[in-house]
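A.B. asks: Next up is a structure, given as structure tokens.
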Amino acid sequence: MAPSLDRQGYWGRPTSTLDWCEENYVVSFYVAEFWNTVSNLIMILPPICGAIQTFRDGLELRYICSFLGLAAVGIGSWCFHMTLLYEMQLLDELPMIYSTCVFVYCLYECFKHKNSINLFPIVLLCIFSISVTLVYLQWKEPVFHQVMYGALVACLVMRSVFIVTWVYPWLRALCYTSLGVFMLGFVLWNIDNAFCDSLRASRQSLPSGIGVVTQFHAWWHIFTGLGSYLHILLSLQIRSTYLKYRPKVKFVCGVWPTLHVEPQKAS
């Protein structure tokens, strides 16, 4: 992580346990890490639209919560990178755990009767979330949070690969696209951490328009936001196929994928 040797801005001295590689308060006096902040829009606007569409389609509440959970992560991350305050850091990191628990529940309960609720995994995931929260509030070690989040993502990857390998192989393209995009973001996140000094030095010599491209933590937001959104679409596809609905993928402006689901017509 980059040391906090940047300009002072509206939110004062950073109190978060992490300060990322983007130089602070360079673009705006009111936004600590401008590009790391605005890149969260991809995790806010499309999931909100997805939640609205899911509600209109009359699908189960868990999938509305999935979209809104991703949007909550985006809003928390926006607040964190805008302020670099510890309280806002928690607003970013803890919803990552909570929303991914919702993803896990949806994917592991996808082959059940409509509107069925299994209390055992709900209780288990709640205990996990509460435990991570309590430990993290006392032991302010970001690596702990990252490992716990990684464990949840690993559960999603294993379950997704199993389903598209043995149950619905025609969904492999969507599954592997989601996973590949997410992993690309993870690679860029690591590059941003490992080579921060070099990246900062390169921005001093590059034109500002090109230097923005080296803001790899912002790219992490973009790719993991897109990967997570595609995962929700995959989960919805699996669930709606099992329930014998008619899911249709449509593209907004010919680019952004959305899923529209219609119940099967009575014969």
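Glycine is no exception: its Cβ is also placed from the backbone N, Cα and C atoms.
All annotation found in TrEMBL is predicted automatically rather than curated by experts.
Feature table excerpt (TrEMBL):
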- Asp19, Trp20, Glu22, Asn24, Glu33: Ca(2+) binding site (BINDING)
- 64-83: transmembrane segment (TRANSMEM)
- His81, His217, His221: Zn(2+) binding site (BINDING)
- 95-111: transmembrane segment (TRANSMEM)
- 118-137: transmembrane segment (TRANSMEM)
- 149-168: transmembrane segment (TRANSMEM)
- 173-191: transmembrane segment (TRANSMEM)
- 218-238: transmembrane segment (TRANSMEM)
A.B. asks: For His81 (Zn(2+) binding site), write down the residues of its own chain that are at least 6 apart in sequence and whose Cβ falls under 8 Å from its Cβ; none is a fine answer.
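C.D. replies: Set apart from His81 (Zn(2+) binding site) by at least 6 residues yet with Cβ under 8 Å, we have Trp20, Glu22, Val31, Ala32, Glu33, Asn36, Thr37, Asn40, Asp92.
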A.B. asks: State the count of C-beta atoms found within 10 angstroms of the C-beta of His221 (Zn(2+) binding site), not counting that atom itself.
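C.D. replies: Its Cβ shell of radius 10 Å holds 27 other Cβ atoms.
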A.B. asks: What other residues of this chain sit with their CB within 8 A of the center of the CB atoms of His81, His217, His221, the recorded Zn(2+) site?
C.D. replies: Trp20, Glu22, Glu33, Trp35, Asn36, Thr37, Ser39, Asn40, Ser77, Gln215, Ala218, Trp220
A.B. asks: Go through the chain and flag residues at least 6 beyond the ends of the transmembrane segment (118-137) whose CB is under 8 A from any CB in it; none is fine as an answer.
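C.D. replies: For the transmembrane segment (118-137), the nonlocal Cβ contacts are 90, 93-94, 97-98, 101, 104-105, 108-109, 112, 144-145, 148.
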A.B. asks: Could you tell me the C-alpha distance between His217 (Zn(2+) binding site) and Asn24 (Ca(2+) binding site) in angstrom, no decimals?
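C.D. replies: Each residue's Cα considered, His217 (Zn(2+) binding site) and Asn24 (Ca(2+) binding site) end up 13 Å apart.
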A.B. asks: Whole-number Å only: compute the distance from the Cα of His221 (Zn(2+) binding site) to the Cα of Asp19 (Ca(2+) binding site).
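C.D. replies: His221 (Zn(2+) binding site) to Asp19 (Ca(2+) binding site), Cα-Cα distance: 15 Å.
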A.B. asks: Let's check the environment of Asn24 (Ca(2+) binding site): how many other CB atoms sit within 10 Å of its CB?
C.D. replies: 23
A.B. asks: Taking a Cβ cut-off under 8 Å, which residues six or more beyond the ends of the transmembrane segment (173-191) line up next to it in the same chain?
C.D. replies: 153, 157, 160-161, 163-164, 216-217, 219-224, 226-228, 230-231, 233-234, 237
A.B. asks: Tell me, how many other CB atoms lie within 10 A of the CB of Trp20 (Ca(2+) binding site), whichever protein chain they belong to?
C.D. replies: 24
A.B. asks: Rank the binding-site residues Asp19, Glu22, Glu33 by the number of other Cβ atoms within 10 Å of each Cβ, and give the residue at the low end.
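C.D. replies: Comparing Cβ neighbour counts within 10 Å for the binding-site residues Asp19, Glu22, Glu33 gives Asp19.
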